[in-house]
Every structure is written in structure tokens, then in C-alpha cells.
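Right, one structure below, let's go through it.
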Amino acid sequence: MPKRGKKGAVAEDGDELKTEPEAKKSKTAAKKNDKEAAGEGPALYEDPPDQKTSPSGKPATLKICSWNVDGLRAWIKKKGLDWVKEEAPDILCLQETKCSENKLPAELQELPGLSYQYWSAPXXKEGYSGVGLLSRQCPLKVSYGIGEEEHDQEGRVIVAEFDSFVLVTAYVPNAGRGLVRLEYRQRWDEAFRRFLKGLASRKPLVLCGDLNVAHEEIDLRNPKGNKKNAGFTPQERQGFGELLQAVPLADSFRHLYPNTPYAYTFWTYMMNARSKNVGWRLDYFLLSHSLLPALCDSKIRSKALGSDHCPITLYLAL
């Protein structure tokens, strides 16, 4: 079992436990950040009102939420389930659950309305990785992993097929502090891309989860200081771009909000990053292009607390 240690430590397999190295700042820049943290500057993000109709005017019929909870038990103690009950999604996808199925908290198993529950966790690594998918409707079919042994040992992917689409929730491997796992991440990216392309050839695809990459400079607060750090290396960004092109998929948030800055989903626990909005957009809803006419809205719930990530929500009119 990997030692928990401090945030920013490296697990035994090299997976990084959430860090966000910052570029060195001048005193002037530091003062600017203080003003922005106080709401006096442009750095804070306000989630606009939900758009619940498609471009053609059809009302939304499906609401999916995704959240990296950074440990189910801690998330529940921090009232994460209260937010879920208020948000009331039709499907809830969770990443970094750090919990085997036989140790799931009772509060989660008894969650009203989301009675079809599917979980995946590493067989030999207690308290590490893990994903969950909870649904109001019973899926036609559910599978786990991407069908390649090298990549299916850490409980990172669940696939659920519904009538009109396939939903994949994923917790993509982190390249690690010092990029100790970058080569593995590149192999994962290639295998994951092949897998998703196969799925998307049969049915429209929705991919959601913590994809552990900020795609463009607009997707993190300090791009210049992080080009050699996990989550923003050229290799990871290129891999993400190739995923969008090859499958193909569209980034639902950027499709609707192409130029909106300061929209992040992850903030390190260190250095008051969240209050200053020094963050990264690592969590996504990616859609087959055939689903774009059904896209009503793609939301970042940045005010929801309970993890070092915030939840994201997708509205579709299917």
C-alpha cells in the first residue's frame, strides 16, 4: 500500500499525489495575486447560470456529474454527498475513490436515486486510485478497464453503455513528480486512444473524469512555470490533442466557452491556491461530435467543496 505522506509526495509506483509547482513571482506579482484572491482582480471564476436547452431549443433530458473526490471516506466527511443530493444528477462519476468495493461507506450505497452502482479499484493497492459510476437508470452493459493488462491493474476506467451513447469515466495516470511515470503515461495515452476510438465507432461517446492534463495555456494559472511538470508537458498536451483528433472528441467546456479564463477544476491544498484560484483544468467532459447538437451546457462547479478538485456537470438533450 502506498504511504500517504504529505500532499506532493510520490506513491510507490511513481504516481504523484497532487502537486502544483508555481513559477517564481516578483513582489509585484505577489501583491497582484493578493488583490485577485480578494476578488479585486480578474482571476476569480463565476459559474454562469445553467443553460438547460440545446441549440435547437430541446430541453435537457440527461444530467451527468463527475468529481475526483480524493478519497471517498474523507469526501463524505467533508459533506460531498450533500452537494450530490442537491445537484441531483442522473449519473454520477467519481474518481480517485481510494476505496475497495467491500469497504464502501453505507451512506454511498444508500444514496437515493442512484441505485445502480459500479466500482473499480486496484486489487493489490488499498487506498489508491479507483473509480465509480452511479446511475438512476440501469445501463445496458458495464465493463471495466481498457482491455490491456498493463493498464488495467489500477482501477482507472469504467464503461457503461446506454441506449443512445456510451459513457466512459476515467482517472488517467499522473506522470508523477520528476516525470518518473511519463513514459508509462504516454503508453497509456496511446492505448486509451485506441480503446476509445473503437468504442466511438459503434456508438456516440461521452468521456468524463480526471484526465490529468491541462490542454492549453488558458487551462492553468501558471503555464510558463509548469511546462516541465506533470500535467502540462508537451508530451501530455500532444497526447490529449491526438485523442481529440483521432477518436474524434470535442471538449464540451471549450466548445461552449472557448475564451473563458480562470476556469479550473483542481487546486493544490498548499499555498492557499484555491482562495487565490491558482489552479488547473484537469477534469473534462469530452463528446463525440454527433452529440454536440444535444449539448446544452458544460459546468464547472468551482464553489463545491470536499476535495482538491471541484465537480463538473454536463447537460444533454437526448
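Sequential numbering from 1, following the chain as shown.
Quick reminder: no glycine exception, Cβ is built from N, Cα and C everywhere.
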Original post:
Which of D47, D50, D70, D152 does Swiss-Prot put in the same Mg(2+) 1 site as E96, D308?
Top reply: D70
Original post:
Swiss-Prot lists motif 'Nuclear export signal (NES)' for one of the ranges 64-80, 268-284, 285-301; which is that range?
Top reply: 64-80
**OP:** Look up motif 'Nuclear localization signal (NLS)' in Swiss-Prot and report which of 8-13, 128-133, 182-187, 218-223 it refers to.
**Re:** 8-13
**OP:** Find the shortest Cα-Cα separation between D283 (site 'Important for catalytic activity') and the recorded positions S54, T233, H309, and name the residue that gives it.
**Re:** H309
Subject >> Other C-beta atoms that fall within 10 angstroms of the C-beta of T233 (phosphothreonine) >> reply: 19
Subject >> Intrachain neighbours beyond the region 'Mitochondrial targeting sequence (MTS)' (289-318), with Cβ under 8 angstroms and 6 or more residues off its ends >> reply: 7, 18, 45, 47, 50-56, 58-70, 75, 78-80, 83, 87, 89, 164-165, 204-206, 208, 210, 248-250, 252-253, 255-257, 263-269, 274, 281-283
**OP:** Compute the C-alpha separation of S54 (phosphoserine) from H309 (site 'Interaction with DNA substrate'), stating it in Å without decimals.
**Re:** 27
**OP:** State the mean pLDDT for the region 'Necessary for interaction with NPM1 and for efficient rRNA binding' (23-33).
**Re:** 46
Original post:
Counting only residues 6+ apart in the same chain, whose Cβ is under 8 Å from the Cβ of H309 (site 'Interaction with DNA substrate')?
Top reply: W67, N68, V69, D70, D210, T265, F266, L282, D283
